[in-house]
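Features as listed in Swiss-Prot:
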BINDING   28, 59, 60, 61, 82, 83, 84, 115  5-amino-6-(D-ribitylamino)uracil binding site
BINDING   87, 88, 129  (2S)-2-hydroxy-3-oxobutyl phosphate binding site
ACT_SITE  90  active site, proton donor
């Protein structure tokens, strides 16, 4: 499992009071997407951040909306999406574009983007990572924890 060695998430240890975090979540593969979103919201609620959720059609739309949220004042974004490999190059195009775009949004704004974009070979891999009752991992929660932790680190570095 890809999560081997991942740190334990203790959302109660995060104090994100005063932070504004936008969750940008794709709509494809609803059961997996809903699990990712629930995990992210659980961590953000426990951290005490002000949260806005924006649903986008798919993963390709994540970067432009993430960038807009950061430009509009969000301290961080949690990007959630699901891309499952099929029989055409579409998987590679969308995965690469979304990943590159999210990286650019973060670097150009100087604000964190928690990366909760699952790129999968099959649906079961997504179910295993979606934070559902039978899941082994919770990538939505991990992405939210990364976004809040990094936003707090950047505030400390910048003396804000």
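Using the three backbone atoms N, Cα and C, a Cβ is placed for every residue, glycine included.
The sparsest Cβ neighbourhood within 10 Å, among the listed binding-site residues (28, 60, 115), is found at 28. Whole-number maximum of the Cα to Cα distances across the 5-amino-6-(D-ribitylamino)uracil-binding residues 28, 59, 60, 61, 82, 83, 84, 115: 17 angstrom. Other C-beta atoms found within 10 angstroms of the C-beta of residue 87 ((2S)-2-hydroxy-3-oxobutyl phosphate binding site) number 6, with every protein chain shown included. Closest to residue 87 ((2S)-2-hydroxy-3-oxobutyl phosphate binding site) in space, going by CA atoms and restricting to the binding-site residues 60, 61, 115, is 60.
The recorded positions shown are 88, 90, 129; of these, the one with its CA atom nearest the CA of residue 60 (5-amino-6-(D-ribitylamino)uracil binding site) is 90. Comparing the recorded positions 90, 129 by how many other C-beta atoms lie within 10 angstroms of each C-beta, the top residue is 129. Here the C-alpha separation of residue 84 (5-amino-6-(D-ribitylamino)uracil binding site) and the residue listed as 'active site, proton donor' works out to 10 Å. Residue 90 (active site, proton donor) and residue 28 (5-amino-6-(D-ribitylamino)uracil binding site) are 14 Å apart (CA-CA, integer value).
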